[in-house]
Amino acid sequence: MSVCSEIDYALYTELKKFLNSQPLFLFNADKNFVEVVPSSSFKFYIPIGVFSNSDVALIRPVHTTCTNHIESADATFPNLYPLQKRVVAEVTTSMRQKLSTHRPMYMTLHLSCGFGKTITACYLMVVHRRKTVICVPNKMLIHQWKAAVELTKLSYIISTDGVSVLLKQLRTKTADVLIIVSRHLSNDYFCKKIHDEYDTFILDESHMYNLMNNSALTKFLTFYPPRICYFLTATPRLANRIYCNDVVNVLKVSTLMKRLKIVEYFFEPYSTECIRQMAKHLNTENNKYHIYTEKILAEDLPRNNLIVDTVSREFKHGLVERVIVVVKLRKHMTFFYDKFVEEFGTDYVYLGDAKNKDTSAVVKSLLQKKKFIFVSTSHYSGTGLDIPSLDSLVICCAVLNSMQIEQLLGRVCRESESVKKTVFLFPNTSIREIKHSLGFFTERIVSVSTDKLGFQQEGKEGTKEEPALTKAFSSQIR
């Protein structure tokens, strides 16, 4: 159980450092999720993970006793690259120190996209030799964990059919590793069971959870805290440090040649009645999350055609071979899918539709293909999509925050036989109402990709459309 105590000024100040002036929410002694104000005389459950960092004074020692040993006799360490071994060495040294100083054995592995967090975590799982729960945000990530866990030769159970089905299964069967989706944690009985019978908890893609919200995961970490806990992420959420406060971050030296290709095109103005109606919502509360910006962008036929022509040309000439085209809306996704199918057929073009239960099988089939165009949404492909062979990313949407951008670009930052990785951006629109918004969001993508992820920006290229010359010569001037 987390520590239930009053929060003095020093600890309150320490916790607020992670919140960027946002309010601090914790469970009070009555187990209600409430805002914590300074100098409060009330008691709150303080997540033990915050004490994993030696900069935070302990309220009381944390004695970690792990009794749930793995049962597989032939547990095997998976092979690691030298940099992954360095992470393991740092983590194990830190964990020994935590054990000896009576601090919780909690650590965030802040490692870049493509580093191999999954295999590194599985190695640590074998190091601890304790039964483990691996928690993922959605079913899409289960396949890559299954493949990594199999390398350890530990017994495992994958739960995709709901927590009630899993609980029935656990009555007659046990396993060293449980792979679950996070919504299982809404079941209190299940939370207590894994707290009692499993010692290690691995939270994949931890940035996808805001632990300042009253969620199933927040409750689990507060009332059923694991004995050993790892958060895995390439883009850590600062507020989550309150639940897992120690971080290991090893910079990856990559041999990848990462280029950012910006395709400029100066269009004639384009509009339709549909666009004009949607444009009326741009400066209203209805566009709070820029949904109408994306809806209008999906209707930008000249820009859409430019994207299709650019990708088709590069694909035909073999300049790109394994391409992912990413949009925000399903309507936009099906538009591009249909266009590319017209050009190349279904032997080369695939749809990453989150609503299609067969999509995971499609993704698995792409691992063996030499050439393909995969069209999907940022929601489906932004986090956890595991196709290491991807060599090109085509970003068709606009509205992405820095975390989403980094996760999306991470799809083409994986080490593979292709060392050349290309990201395509299309910063122009034929629709004047969203011209400045598109430019603003594109600059954000450029900034994250070049300043943070090491992409090299190529000279801007494209076509400049001159209306007068177009009419005179019936041709486009490059």
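The backbone N, Cα and C atoms fix where each Cβ goes, and this holds for glycine too.
The motif 'DESH box' annotation in Swiss-Prot falls on one of the ranges 204-207, 356-359, 376-379, namely 204-207.
Applying an 8 A CB threshold to same-chain residues 6+ apart, the list for Thr118 (ATP binding site) reads Gln144, Trp145, Ala148, Asp204, Leu232. Highest Cβ count within 10 Å among the binding-site residues Gly114, Gly116: Gly116. Reduced to three states, the DSSP call for Lys117 (ATP binding site) is helix. Look at the Cβ of each of the binding-site residues Leu111, Ser112, Phe115 and count the other Cβ atoms within 10 Å; the largest number goes with Phe115. Sequence-distant neighbours of Lys117 (ATP binding site) (same chain, 6+ residues apart, CB-CB distance under 8 A): Leu109, Leu111, Asp204, Leu232, Thr233, Ala234.
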